[in-house]
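Please read the structure below before turning to the comments.
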Amino acid sequence: MPMGPRIENNKVNGTIRSNNMNSLIDKNKNNKNSVFDIDTIIKVKSVIPRKRQDLLKWYGWGYKDSMFKLHEGKATFTGNRYLIGGKCLPHFIKWVNENFNIDITKPPKIPQIPTYYAESRLPANIKVELESIALVSVDGLDRLIRAHGQTLKDMTLLRANSFPRIPDAVIWPESHDQVLQIVQCALRYNFVIIPFGGGTSVSGAITCPANETRPIVALDTSDMNSILWIDKEQLLAKIQAGIVGQDLEREMRARGFTVGHEPDSYEFSTLGGWVATRASGMKKNTYGNIEDLVVHTRMVTPIGVMEKSCRVPRISCGPEWEHVVMGSEGCLGVITEVTLKIRPLPPVVRYGSLVFPDWEAGFHFEREVARQRLQPSSIRLIDNEQFRFGHAVKTETSWGGVALDGLKKFYITKIKGFDPNKLCVVTLLMEGTADQVADKEKKLNAIAAFFNGVPGGATNGEVGYTLTFVIAYIRDLALEYEIVAESFETSVPWERAAALCRNTKRRVRDECARRRLTHYLVSCRLTQTYDAGCCIYFYFGFNSSECSDALAVYEEIEEAAREEILASGGSISHHHGVGKLRKKWYKRTVSEPGARLLLAAKKTLDPQNIFALGNMAFDEYTPEDTVRSKL
């Protein structure tokens, strides 16, 4: 199936028109029964099966029929789910050799499914009781798949089947009430619950603590994927937390609506995961981050259900405890249901792109757009390294970063004088009425011209936007040819952003030089903008044949890069959360009193440490043996 929220309607010059939207709205106005579908539970048939390995790679990212392949001197991307699927990539091998100098004649190192798994520690009597509540599996591969997220360390341990600890069982509840029963069971028998959503975490948040001696049960939320009701008048929907992003958006679009939350992991991540990590999406300028979309949550904790007694747009009743749920990273309970804002489908969706002579020009353009609050749904600046990567995954033989035909190349390089080794691209996604989109595009082009930017075309914008979903697949290929790579992000005030990018890239280069690494790549993109600052994404990878312990070397360099980010005024994360990967900087970020407040919430909500993930500062928590909680 196609990637992302495709609208199957008229499309001309990069513009998508939803011709049926107005008729849907009119129809709903005339049908009183359709305004509030409170009695109609929509049980969603998920794209992703319970046996995830039937569709997804067990050892890496995404669909198992979609991957980069190098064969007989040619590069292709398999499958038909993405724009580049099933096509030859004529520039790709040259780009790989220029940056990483690998031997593509060697066979790729693709791991085999393990034949041995750690024995389950779940006692038989507990298994029987859990089976009376919901479906349970102690199958080795089911447990291994839910033992990790998508960090480089996760992938390294997964390929070697060397996790110190994996879950002892997997359980699939279908409802809030079943989650209540599972948590009650955990309290009685003192076993650990780790909530598992889409498995896309890049913070180590769902990794089993290596020193945990109690049985560990992975609570897979994927069967809790129903839309409980849609209020078409109030533009709200109540949804079970296990629903996958692409399933949620497909069902909403079929009814003339959109949630609009579209993170890079949108195909596989879940609503509950978005809430638990305080996620952000590529279209947050129009729809907001997850904290802007959430109206109400239900979370099962070991001492009871945490939720507000009323569903209102805002409440002044002391601190907002909804924000204890958002960002809790599975350490306080299981998020079961979420009430979200929804919006009618926009009548027009138009892609666009702008080309700038260098990063500085593109950066100042983005800053001015934010200053004037003219951001379209998505506006992202990619540096020259990513511009050239975009060229590497083009399916045509013509020149260009994301795609530029011969005429545009001549105009940009000869007439405008842009250096192909310095120029940068901004990709745009605009949504609204035809007049709104046209007005926005006109104003953005005017600001771009002031900073010497020129339009690059709608096709560039669409290819650049959807390329985001393909980038994650390249790491699997990299690992097959001894390249280790990862991404990390930060948020930073505008006045520190340009320096942060320079300093961090320089620090990575210096760290590589110290270790005599000669074949590596570091790049960045500006992905989200705010009044007070922006989000910067870094990508870093190197040829690991030049060192003995590639994972350790990578982690040392990334740690140095993060220290540079903090010294330059950035945060430890914009939307990936803290988990175990960034916990060493948590207390420095929130202050000692902030960390103590977090631990106080843990002591109150989970005194037995049933949700013993150890993220953020929670590894400092020691349950009091004298305390026993009952739901």
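Cβ coordinates come from backbone N, Cα and C, glycine included.
Straight from TrEMBL, the features:
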- 163-345: domain 'FAD-binding PCMH-type' (DOMAIN)
- R380: site 'Important for enzyme activity' (SITE)
- R475: substrate binding site (BINDING)
- Y537: active site, proton donor/acceptor (ACT_SITE)
Neighbour tally for R380 (site 'Important for enzyme activity'), based on other Cβ positions within 10 Å of its Cβ: 24
Cα separation, Y537 (active site, proton donor/acceptor) to R380 (site 'Important for enzyme activity') (Å, whole number): 10
Mean predicted confidence [pLDDT] for the domain 'FAD-binding PCMH-type' (163-345): 96
Spatial separation of R475 (substrate binding site) from the residue listed as 'active site, proton donor/acceptor' - C-alpha basis, Å: 16
Number of Cβ atoms other than its own within 10 Å, given for the residue listed as 'substrate binding site': 22
